[in-house]
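Colleague: This is the structure I have questions about; it appears just below.
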Amino acid sequence: MQLEMLPTTVIGSYPRPKWLREAISLSRNGRIKKEDLEEAFNDAAVVVMRDHQKAGIDVPTDGEVKRDEMVEFFAERLNGFKFYGPVRVWGTAYYKKPSVVSKIEYRNPMLVDEVQFTKSISYTPFFKVTITGPYTIGYWSYNEYYKDRQEMVFDLAKVINTELKNLVEAGSKIIQIDEPAIHSNADEVKWAIDAVNESVKGINAKLMVHICYGNYKIVAPYLNDLKVDQINFALKMYNYKPLKLFKEVGYDKEIGAGVIDVHNRNVETPEEVYRDIKRVMEYFPLEKIWINPDCGLKLLPRDIAFSKMVSMVKGTLMMREELKKNGTISS
Ligand SMILES: [Zn+2]
């Protein structure tokens, strides 16, 4: 079995069904049992997978419905972290910013259960699992123990590497390292790339890195140094301007092209997606292009997230049809 040309995927997160959010708050008040909440989480993963299937996504995820947040989840499960109060990020969104207070060490597998369950419910062998990368976990944590951030991030790379080995053993064949913070600091980006490489050392899977909002100029010269198969980017929100930059630096890996704006509730039309894919094809060879939203869909209303996925797939199918008709790809 093989993926079609221009494979479609999601970045990872998907809106939690409303009933799951209610179940979570009931469990916080002690009104439903732990087992019942676990069942609700599993059921939610099933419906998200089903949404992805209905939309026609080639490489789905479980929507990360079991994780509250992308740094906190891992910090809670590793040795060395302590939590202070919530910190404000992006307007009204808050998160519990963790602090590193002792050496970061691996405790137990963090995502193995999630992978095993996702594998058991996936409609395709090409499901994807996501994990937050070492630089982003380090950048979004306080450092109260290490000499500097670099030392902290390289210890994080070690524990992520251990986790990745366990995920491959559990059946992960496509793994995405989320590094939305990697282009936050121009003075650190070079070793941040090395840290990601350290985290994927010896990992036998198709590897992707997700980089989204921020200054791509900071990271562009180092993209080819990442020892992964693919990097996926937010492009729609930037009206595809970064494509020129990536071309200029000689970027030559697979590119996951963000064609859906996750900060805008207007649903892109399939025609718009088709035209946008055409623009990406002007810069990169067809066989190196994957199609995805700019970022996770989690913060959108569920019906809008779903409609956006449907348009993304329809626009991709329009392009595939055209390529088959003109003989560029075989049908
Ligand atoms: Zn993102």
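Cβ coordinates come from backbone N, Cα and C, glycine included.
In case it's useful when we look at the structure, here is the feature table from TrEMBL:
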BINDING   His210, Cys212, Cys295  Zn(2+) binding site
DOMAIN    6-314  domain 'Cobalamin-independent methionine synthase MetE C-terminal/archaeal'
Colleague: So around the Zn(2+) site, His210, Cys212, Cys295 aside, which residues have their CB within 8 A of the centroid of those CB atoms?
Modeller: Ile11, Asp178, Pro180, Ile211, Tyr213, Asn232, Phe233, Ala234, Gly258, Asp294, Gly296
Colleague: Far apart in sequence but close in space: which same-chain residues, 6 or more away, have a Cβ under 8 Å from Cys212 (Zn(2+) binding site)?
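Modeller: Residues satisfying the criterion: Ile11, Pro180, Phe233, Ala234, Gly258, Asp294, Cys295.
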Colleague: My understanding is the cutoff is Cβ-Cβ under 8 Å with a sequence separation of 6 or more in the same chain; which residues meet that for His210 (Zn(2+) binding site)?
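Modeller: Correct list: Ile11, Gly12, Thr130, Gln176, Ile177, Asp178, Glu179, Pro180, Ile231, Asn232, Gly256, Cys295.
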Colleague: Counting every protein chain present, what is the number of Cβ atoms, excluding its own, within 10 Å of the Cβ of Cys295 (Zn(2+) binding site)?
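Modeller: Other Cβ atoms within 10 Å of Cys295 (Zn(2+) binding site): 27.
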